[in-house]
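First up is the structure itself, then whatever we jot down about it.
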Amino acid sequence: MTHVEVVATIAPQLSIEETLIQKINHRIDAIDVLELRIDQIENVTVDQVAEMITKLKVMQDSFKLLVTYRTKLQGGYGQFTNDSYLNLISDLANINGIDMIDIEWQADIDIEKHQRIITHLQQYNKEVVISHHNFESTPPLDELQFIFFKMQKFNPEYVKLAVMPHNKNDVLNLLQAMSTFSDTMDCKVVGISMSKLGLISRTAQGVFGGALTYGCIGVPQAPGQIDVTDLKAQVTLY
């Protein structure tokens, strides 16, 4: 069983309001990583992100900061072109205070360009979470294992795979793929079976070798998320 860090996802509009800071402070003991989603901000810029990070840095000693731009292709709001998306991810390396950066994986990516960006982020001491999301279904077990394998070839700190289950076997396949991968690879693994059906993957993440589990602060930012206070309490049971 692995140690699991609880990630709290927030998705502010343009700025970090005092009410949001209060909500974070109220849950501070349950948060190991704060994920700042930025894809909900139309035409978001590095300067806007830097301003938000500055406001969050006041509390940063309590948790690590992860920045994520989730594209529409993988279930988010982001509508940047692929080049604009990758340029933004690369430029985030210059922002002090960011500890972790999410970069998406697709089967048709430019492998060399992706590797250059990941290496660039790591040179600026950013931990990389390479992720893939399927909000429609859960692929077969061998395909799940193949996706984990392809993502870890970039030598990130974390590989994250989130899929949508339609039955209990889908949940079991995701957990099996994560468990097998965590036993054989060096990087940390995250496996999420979304929706209420897959809640066990969030609460028992560590049992199957997972390193991060994602919750929310009030309003869920993904199917199946529960409040981080409840999530932390559940995770500590395993």
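The backbone N, Cα and C atoms fix where each Cβ goes, glycine too.
Source: prediction; values computed, not measured.
Annotated 3-dehydroquinate binding in Swiss-Prot involves GLU35, LEU36, ARG37, ARG70, GLN225 plus, out of the candidates ARG116, ARG202, the residue ARG202. Counting every protein chain shown, the Cβ of GLU35 (3-dehydroquinate binding site) has 24 other Cβ atoms within 10 Å.
GLN225 (3-dehydroquinate binding site) sits 15 Å from LYS160 (active site, schiff-base intermediate with substrate), taking the C-alpha atoms as the reference points. Rounded to a whole number, the distance between the Cα atoms of LYS160 (active site, schiff-base intermediate with substrate) and ARG37 (3-dehydroquinate binding site) is 16 Å. ARG70 (3-dehydroquinate binding site) sits 13 Å from LYS160 (active site, schiff-base intermediate with substrate), taking the CA atoms of both as reference points. Maximum C-alpha to C-alpha distance over the listed 3-dehydroquinate-binding residues GLU35, LEU36, ARG37, ARG70, ARG202, GLN225 is 19 Å. Taking the Cα atom of each, LEU36 (3-dehydroquinate binding site) and HIS133 (active site, proton donor/acceptor) are about 17 angstrom apart.
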